[in-house]
Structures are given as structure tokens and as C-alpha cells.
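Colleague: Dumping what Swiss-Prot says about this protein:
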{"type": "BINDING", "residues": "Tyr130, Gln191, Asn214", "note": "NAD(+) binding site"}
{"type": "BINDING", "residues": "Ser237, Gln259, His262, His328, Asp361, Glu415, His420", "note": "substrate binding site"}
{"type": "BINDING", "residues": "Gln259, His262, Asp361, His420", "note": "Zn(2+) binding site"}
{"type": "ACT_SITE", "residues": "Glu327", "note": "active site, proton acceptor"}
{"type": "ACT_SITE", "residues": "His328", "note": "active site, proton acceptor"}
Amino acid sequence: MVTTLRQTDPDFEQKFAAFLSGKREVSEDVDRAVREIVDRVRREGDSALLDYSRRFDRIDLEKTGIAVTEAEIDAAFDAAPASTVEALKLARDRIEKHHARQLPKDDRYTDALGVELGSRWTAIEAVGLYVPGGTASYPSSVLMNAMPAKVAGVDRIVMVVPAPDGNLNPLVLVAARLAGVSEIYRVGGAQAIAALAYGTETIRPVAKIVGPGNAYVAAAKRIVFGTVGIDMIAGPSEVLIVADKDNNPDWIAADLLAQAEHDMAAQSILMTNDEAFAHAVEEAVERQLHTLARTETASASWRDFGAVILVKDFEDAIPLANRIAAEHLEIAVADAEAFVPRIRNAGSIFIGGYTPEVIGDYVGGCNHVLPTARSARFSSGLSVLDYMKRTSLLKLGSEQLRALGPAAIEIARAEGLDAHAQSVAIRLNL
């Protein structure tokens, strides 16, 4: 049964707070098993990868090789429908152009004392991209993770992807080449994360790891963090649609189901001020559910985690939307643009009835790797900046040191750090 919350109910605040705190996935306690895998890969390298791949993916890497060859990628292009390849090229080009606008500029200036300050940006040298296998092996995710790295100037982009029973999604290989991925390895799970972090005889280590994965992959990313950087630990997908009665209920229902079909733990929320419209959308959802290939997944998601929130008016929707802090926020109301400046917390905002979130998934150009589970309150979607580092610059001459040095000495001595004070004083003959 879909959850319905009415703002006019006296216990609405209590129910809404409980709704916000609800968990959509059970965290498996896999840390001990994952730590054993990570430690073994760190010790044994390729030997451990071969063993785990036989056990978990039923593939003999001694026969296939760990690395995916150029010939295999060529074959993937031959197998891929030409229309799909063209669509992926369009997506790639739009992602590239949008992310190029995110490139930061170096800055250097001289202040009133003559001190030179500034910062410069450099790309991370090597990054690893984890791509899940099976039903979650999406070529669009390859583009979304790899293209910002390419735009940032990352020298080496390494992709790992499991090959259950020896099978790789050809479109994933196509997307990898289109995005400029440097190396591809047919390994997955926690063992692939460990290989990227520590290196093996075949796989050289990287400096940062990005990409989604299951509980084992997420645990491995947490374990290796510090040795390498990571992007985020993403949860199930979610959408909040704020819509008025002038929308076509079938359109809104389709958008809700586009999230629901991702995962049984995905969440689709409708927020409206019109109960009759809400009922019409719910009826449209039920009609459309039975037309989907992933009916079982979408039905479970909508039944267990779907929600309708009835507000008194759309002015009340804004603070509620900010508290939900949805990964995806669709605003389909008469003056959608007026809402946008007042939304503080959302991973990505889709403005107007002709901007379904699905366009953002594929060809809009914005990144679809976004914060979930209310983490949009404090974090952002993947961007070029995730593949870059900022280094501060500072330059003083003798005059500037004489002007600033005494204050530095004073603070150092107050903190009991004599060597700090001496580092400046010795230059000033103090």
C-alpha cells in the first residue's frame, strides 16, 4: 500500500519525520568478509583475483585473461546496434560539453602587502571506475563517470567490470571506448576495489575509485578509503515530483515508475495539493505497471516505498522538499522557475513538465551520479571537480616576511611551538 501523508492531518509532522527516517535497504554486515578479501588481494595480487573470479563469477581468468582486449571491444562495436551507438555518442558529446564548463580556473594575485597568493588546479593522475555486472551494468553510467574524468585531464582511467559466466555487456565496452577509458579489466566485487587501491601484477593502482556497487563493493570502498579517494557510498535511487493538477497523470505516473523499476528499494514520491489528481496518478501507475518488463521490481518499489504527500498549497511544498533532499526533484507546476531559487537541497532539479528525469539519466548533459538518502543536504553530484585537486600558492619576499613575520612568531610562541617561531625568527635575525 502506497504511503499517503496529508498536511492537514494533526499528526502530519510526526508521520513526516518518521517517513524521512525510514530505511529502504538493510545494511548487510559484510565488513569481516570484505576485509579478508581486500587483505588477500593486497597480499597475493593476481592469484587472489583468479580465485575469487572462479568462485564468484564462474570464470577462469587464466584462460580469458584479466584485461579486456582491443579485439573484444571491436567485437562489441560490431555486436551493438548502430542506433544505440549513435545515441551513446550524442550522450557523450553533451556530457563532455556540459562538464567542460565546470573546469575551474587557476588564480594568483598580489595583496596590499605585496604577498602573492593563489591556487592552481591539477587532475588526479589515475582513477578507477567500478561498473556493476548483471542487470545494473549500464553504459550510461560508464559515460557519466568517465567523461568528467576525461574532461578534467585524468591521464589514466581504469575500468573494472565483473564478467559473470564470462559475459560482458557489449554496450558497456562501447561506452568505455567512447569515453576514453584507458584500461578495462574483467574483475568485480570487493576484489576489484582492492586491486584498484593496492595494485596487482596486472592492474596498476589508482588514486581514486568511483562508481556504484553492491554491499560488498561499498564496504570495500570504505576500507580502502585513505589509501585512495572515493566518490560516495550511494544508496537506492529516488525521485520527488512536485506537480499540480494541470499535468497529465499518465506523464507523472511514467516518471514515478522510471525510478521504481531501478530497484525494489528505489523510492518514488508525488507531492501535490490536489487529492483528485493524486488519485488519478495512482490509477495511472497501476495501469502502467503491468506493461513493464520489470513489473515485479517496480511493483515492489511502489508498494513498499512509494508515497503521496498532499500539501495545502505549493508554498508549503518548498520546505518539505528541502527536508526530503531528494536525489532527483521534478518541479511540474505553473511557475516552476520560481521554485528553483528556493530549493536548497536536491541532487538535481528538473524544471517543467517537459523535463522528465530520464532525460537527465541519459542525454541531458548533467551528471546522473547524485547524492541519495538525503545526503543532498551536504553533498553534490559527480563533477569535473571530483577528479581534480586544488593546491594553494604563497610567495613572500623579504619585505613581506618582515611585515608578517612578527605576528607569526607571536602566535607560534603562544601555541608553545618554538621551532615554528624560530623558522621565521632566524630569517629576520630576531
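Glycine too: its Cβ is placed from the backbone N, Cα and C atoms.
Walk me through where these features lie, including what they touch and how far apart they are.
Modeller: DSSP gives Tyr130 (NAD(+) binding site) a strand state.
Annotation for Asp361 (substrate binding site): spatial neighbours Ser140, Ala258, His368, criterion Cβ-Cβ under 8 Å with sequence separation of six or more.
Within 10 Å of the C-beta of His420 (substrate binding site) we count 15 further C-beta atoms, all protein chains included.
The Cβ of Glu327 (active site, proton acceptor) has 29 other Cβ atoms within 10 Å, all protein chains considered.
Sequence-distant neighbours of His328 (substrate binding site) (same chain, 6+ apart, CB under 8 A from its CB) are Ser237, Glu238, Val239, Leu240, Gln259, Ala346, Gly347, Ser348, Phe350, Glu357, Gly360, Leu370.
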Colleague: Using a 10 Å cut-off, grab the number of neighbouring Cβ atoms around the Cβ of Glu415 (substrate binding site), all chains included.
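Modeller: So the Cβ neighbour count for Glu415 (substrate binding site) comes to 10.
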Colleague: Output the one of Asn214, Gln259, His262 that, of all these binding-site residues, has the highest number of other Cβ atoms within 10 Å of its Cβ.
Modeller: Gln259
Colleague: Tell me the Cα distance separating His262 (substrate binding site) from Tyr130 (NAD(+) binding site), rounded to the nearest angstrom.
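Modeller: So the alpha carbons of Tyr130 (NAD(+) binding site) and His262 (substrate binding site) sit roughly 18 Å from each other.
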Colleague: Whole-number answer please: how many Å between the C-alpha atoms of His262 (substrate binding site) and Gln191 (NAD(+) binding site)?
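Modeller: For His262 (substrate binding site) versus Gln191 (NAD(+) binding site), the Cα atoms are 25 Å apart.
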Colleague: Can you tell me how far the Cα of Glu327 (active site, proton acceptor) sits from the Cα of Gln191 (NAD(+) binding site), in Å?
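Modeller: Cα-Cα distance, Glu327 (active site, proton acceptor) to Gln191 (NAD(+) binding site): 29 Å.
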